[in-house]
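Peer 1: Please see the structure below; I have some questions.
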Amino acid sequence: MTQAFNERIVQALKQRREQGLNRQSEVIFSGNQTVLEHQGKRYLNFSANDYLGLANDQSLVRAWQQGLSLYGCGSGASPLVTGYTPAHSNLAASLCDWLGYESATLFGSGFSANQALLFALLEKGDLLVQDKLNHASLIEAGLLSPASMKRFKHNDLQALDAILNRSDCPSLVVTEGVFSMDGDCSPLAEMHALTQRYSASLMVDDAHGVGVLGEEGRGSCALASVKPDFLVVTFGKAFGLSGAALLTDKSSGDFLAQFARHHVYSTALPPAQAFALTHAVEMIRTQQWRRDKLNELQTLFAEYLGEHDSFVATQTPIKPWLIGETQQAVMVAQRCREQGIWLTAIRPPTVPQNTARLRITLSANHTKEQMHTLAQVLLTVTGEH
């Protein structure tokens, strides 16, 4: 490595450590369950995105095993070569039937799906309008795309209206259905009405809404009776697996098959995974009890902790516990860990300055007893018990 690059790396890491923002992966056993193990100790896990409790569901495990017996391991090629199997086709058809679209383009991650559309669709002279709290994949793609990008204050419809009112070029408005760090929902009905008024297109990343909200878990868009032009759903949260799909009309799907580089030049999802995902879709659609259980746990969370200054009310399983100062958030997370609760301190740049927090996430597999323990520990470590 050249000296210039080495110095750049060393300096960046030093600065990150000095700011108290250094992050690292820890080896976790059973991180997809409500009780995880780390270095021989067990902790209640309130940090995973396994909202419906599918990630370790034995029915889904068996579906993956059946997929392996039918299709083997990897897909062996990109979707446009030999990597698109009946398992992929069936998954796409299931998603379209469930969510009401004509086309579902599959990707290895939500990050790829988000960036694929923006890079393929936008040209110089277009306007990209994004919520300021959109996911890093969306913001990065916007910064690198040839389009002009404007960002509006979080969920501020007046600000969005003003931006669209001043534009006469092709415009794409992008938001999240549920925001991953705040757990709040986008005002999709009003936003959709604005895009209709100004002849703009709407893209919604519903990674944290699909499976959890709406009839049959169709997500935040269905809950708001809105059908965006482009809908991204990801498989690493409520589905209990990984990957993503971009749902569109047929013409847009054909366009993505030709021009979405993340799709064209990536090896297709393992067919066994696609097979299991089709089973997950069926579980999500038919097992309403999982969403009912989540709603019960959310009610308990509010009953136990709703009076605390750090409590933030949400209608989703994402429950931010606002602290503010970065080192204080790290300290509270560590004290919770000492009491057997695994929570993660979320710090800048993931969230804005002075909004460091614990990101608490609920799963349908959590018990009422575990919720009570969580509340007791949070109150104890914050000195209010």
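FYI, residue positions are counted from 1 along the chain as it appears here.
In case you wondered, yes, glycine gets a Cβ from its N, Cα and C as well.
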Peer 1: Swiss-Prot has G110, F111, S180, T234 binding pyridoxal 5'-phosphate. Which one of H154, H208, H262 is in the same site?
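Peer 2: It is H208, as the record lists it for that site.
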Peer 1: Pick from R17, R23, R42: which one does Swiss-Prot list with H135, T350 for the same substrate site?
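Peer 2: The candidate from R17, R23, R42 that Swiss-Prot ties to substrate along with H135, T350 is R23.
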Peer 1: Can you name every residue in this chain, apart from G110, F111, S180, H208, T234, with its Cβ inside 8 Å of the center of the Cβ atoms of the recorded pyridoxal 5'-phosphate site?
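Peer 2: Other same-chain residues near the pyridoxal 5'-phosphate site: N114, H135, S137, D205, A207, V232, G236, K237, A244.
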Peer 1: Roughly how many Å separate the Cα of G110 (pyridoxal 5'-phosphate binding site) from that of H135 (substrate binding site), to the nearest whole number?
Peer 2: 10
Peer 1: Could you give the Cα-Cα distance between T350 (substrate binding site) and F111 (pyridoxal 5'-phosphate binding site), in whole Å?
Peer 2: 15
Peer 1: Which of H135, H208, K237 has the fewest nearby Cβ atoms, counting only those within 10 Å, among these recorded positions?
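Peer 2: Comparing Cβ neighbour counts within 10 Å for the recorded positions H135, H208, K237 gives H135.
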Peer 1: Using the structure shown, find which entry in G110, F111, S180, T350 (the binding-site residues) has the sparsest Cβ neighbourhood within 10 Å.
Peer 2: T350
